[in-house]
Amino acid sequence: MPKPRTHQNETAPRESNPPPSVTEAPFSVPGENCATVQHADRFSLLIDGSDYFRVLREAISRAERTVFILGWDIDSRMRLTPEGAPDDLPAALGEFLHEIAARRRRLRIYILAWDFAMLYAFEREWLPVYKMGWRTHRRIAFQMDGKHPLGGSQHQKIVVIDDRLAFVGGLDLTRSRWDSPEHAPDNPLRRDANDAAYAPFHDVHTMFDGDAAREIGLLARERWQRACGRRFAIRAHRATQESDPWPPSRAVDLTDVDLAISLTEPAYAGRPAVRQIRAQYLDAIDRAKRSIYIENQYFTSGTIGAALGQSLAKPDGPDLAIVVPRDQSGWLQQVTMGVLRARLHRLLTAADQHDRYRIMAPSVPGLGEHFVNVHSKLMIVDDDLLLVGSANLNNRSMVLDTECNIAIDAAGDPRIQSAIARMRDTLLAEHLGCTVDDVARERAARDGMNAAIEALQKNADEHRTLARLNPTVSPDLDQLIPPEALIDPEAPVAPNELVGQFVPVDKARPLIGRFALLGTLALLIVGLAGLWHWTPLADYVNLKSLTRATRHIESLPLAPLWIVLCYVSAAVVSVPVTLLIAATGLVFGALWGAVYALVGTMAAAAVTYLLGSWLGRDMVRRVAGTRVNKLSERVAKRGIVAVVVLRLLPVAPFSIVNLVAGASHIRLRDFLLGTLLGMGPGILLTVAFAHQLVASLRHPTAGSFAILIGIGVTLVGVSLLLQRFLGRPKPGEDEAERAREEAAAHDEEKEKASNEAARAQDYRETTTPPRDDSTVVAGGGAHGAQKGKRTDEVNP
């Protein structure tokens, strides 16, 4: 990589901050808190989607040889400029790229999007490979990137044009991202591809050229090659000098500046982990003297929170102002990331002994229950450091996802310090509903950044402003989410460790015990086969008989009630619930079949849960054995998430899981919610398959069979994926877990022996022997040791 260039410090007057001492070390150190430092002739901070998408469309229109697009998500239907564009090119992104490729024979476009988890399936465009790959021009290549550990994602948001102009930041080319700085509640242009209105959205991106842009082009090529699983030649063409991809309509914010490029990459496929962004944030916080201004979608990282807490504890430390969304988007994020944010806020409030901490959210009158979704990932320290990119302030952006950030260090240059200060003032002016000059004037007149903000704050009911937040969480919800939550891990999670959070590993059984168990199972199988062959049992418990019985119920008054009672009765005697769901779909069709199956399954789950609660843990353990007792402990400890995983994995029959959950004292509300999340999608697919099977047999057309095959492939595919990624640990794995299980079993045997001896010594005493409840002691783990530890390359 070329050495970073230096530039002459100008002597223009500056707004604040004395020059640093000559002994202060450079902020950006390649190999520690960045990958490289490269020069840019021009740099601009693009605020909100209206600014970024407009200049991006203009720049792509000027491309000659290559366009690389990397993102967490991409939607071919989004419109970069819903307000209109002064050209004859299509509005939708996919059609726009297709037309650009068709007009320029030398142009190649490479698009890389995260091979997303099914959790996000309903938030994304369907069939992206078809719409962005097969259906587009042959000079457009589309690839889904799944080269990351379990639970990780490709989160970089990068566009590179001709290796001469680069865009790095927090905005993906996808739905519900465009908005203007006004964030007006009734903006008619803020509608997605389905013509549905969405809430205001705030984000920032960067645009720059020079050697820094060429370095981002090399990064994009490397990521593309990793995603393809093979190396192939993509020549780094240099565009003709007569053309300039920089959009003429966009002014330059800063010239002649060095940019540090920092990455997060998890250890994967033999490559060591890279954690430069975490080091960069920690170094920036440590260097702060007067102010730290943060905008971020999430605020949950324990490592970053600890560093900010140490800064607040200093008697003469900097002001800390954090701008976040009022709430997390969606109920799932609210009860997970929202809980973690409230905990971190509680810690910082306790550390703030000098009243320098503020956490705020943009407030726009007229939004009602909606709010401005702050999605930016930016930090400005004093007037000296600008950090912006794709990394959120959560643990996964520091260790698990692939991220790319850009940093500018003023290094005492008044010209750069003035530009950084103006970028911060522009953001504050947008949120406070005032002018940039108003912010600059108050900063000069007040003692500290927070005092200037408070002087400009207004009544949130009547004016646009920044409103103070006090994130809180109910005690019940706080207890439900564990401290080292899987939703925001501090390290990549192996598949066997993920399942180990919910499903314990059985200790090895003695050889004689194994033969006895196998013999018992063989006798049971032979006996069941005999009953099936020589008794009417096979006529009653199969799909055909259940369908016939269901059709009879359909003709009865109050048929839905009878269906629910059938589900409950079947669950009590452990009839497979999948057969009932299929029969319901065959008889009642896709719509009402799904409704009846969902209601019946939930009712059956509730009744057998209550039965397990009434029987108690001892009875359930004696009936089902020690493994179920261990499952009981895990369910009680992990709550909703454990129920969801147990519903998805073939760990135990439906009725057994319900009984165990009831005996575990998990709340009925949490149990039912976990059951709905875990079984709901499968029920819908099963009912749809059964209904479509009947429809295909009645009307055997190519279309009907194509739909049937599609549903079937989806069912099989989901099943195989779950077995592959959430399968139980294989024998020989998790030796430490087995050792703990054996130690616990040994302690149980010693306790039982002691109790038996006590009872034999005093047989007249009628006390009940103590309950045999196992106690799981959670060790401190490695999380505490990881805090403060900063390395660039960490072995897996």
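Here the Cβ of each residue, glycine as well, is placed from N, Cα and C on the backbone.
Residues annotated as region 'Disordered' in TrEMBL: 1-28 (among others).
For 150-177 (among others), the entry in TrEMBL reads domain 'PLD phosphodiesterase'. Sequence-distant neighbours of the domain 'PLD phosphodiesterase' (150-177) (same chain, 6+ residues past either end, Cβ-Cβ under 8 Å): 46, 49, 52-53, 56, 59-60, 62-75, 77-78, 80, 93, 112-117, 124-125, 192-193, 198, 201, 203-209, 212-214, 216-217, 219-220, 223, 227, 236-239, 243-246, 266, 268, 297, 375-378, 388-391, 396-397, 400-406, 486, 489, 492-495, 498, 725.
Marked as domain 'PLD phosphodiesterase' by TrEMBL: 375-397 (among others). Here the domain 'PLD phosphodiesterase' (375-397) has, by DSSP, the following mix of helix, strand and coil residues: 3 helix, 11 strand, 9 coil.
For 439-466, the entry in TrEMBL reads coiled coil.
Feature annotation from TrEMBL assigns region 'Disordered' to 729-796 (among others).
Sequence annotations record features per position, and here TrEMBL assigns compositional bias 'Basic and acidic residues' to 730-774.
Listed as Cβ neighbours of the domain 'PLD phosphodiesterase' (375-397) (distance under 8 Å, sequence separation of 6 or more from its ends, same chain) are residues 14-17, 20, 27, 45, 72, 151-153, 155-157, 168-171, 177, 201-206, 262, 264, 277, 280-281, 284-285, 287-304, 318, 325, 337, 340, 403-411, 417-418, 420-421, 423-424, 427, 488-490. Beyond the coiled coil (439-466), the same-chain residues lying 6 or more positions past its ends with a Cβ under 8 Å from any Cβ of the stretch are 15-16, 290-291, 293, 319, 321, 323, 356, 358, 360-365, 421-422, 425, 428-429, 431-433. Along the coiled coil (439-466), the predicted structure has mean pLDDT 94.
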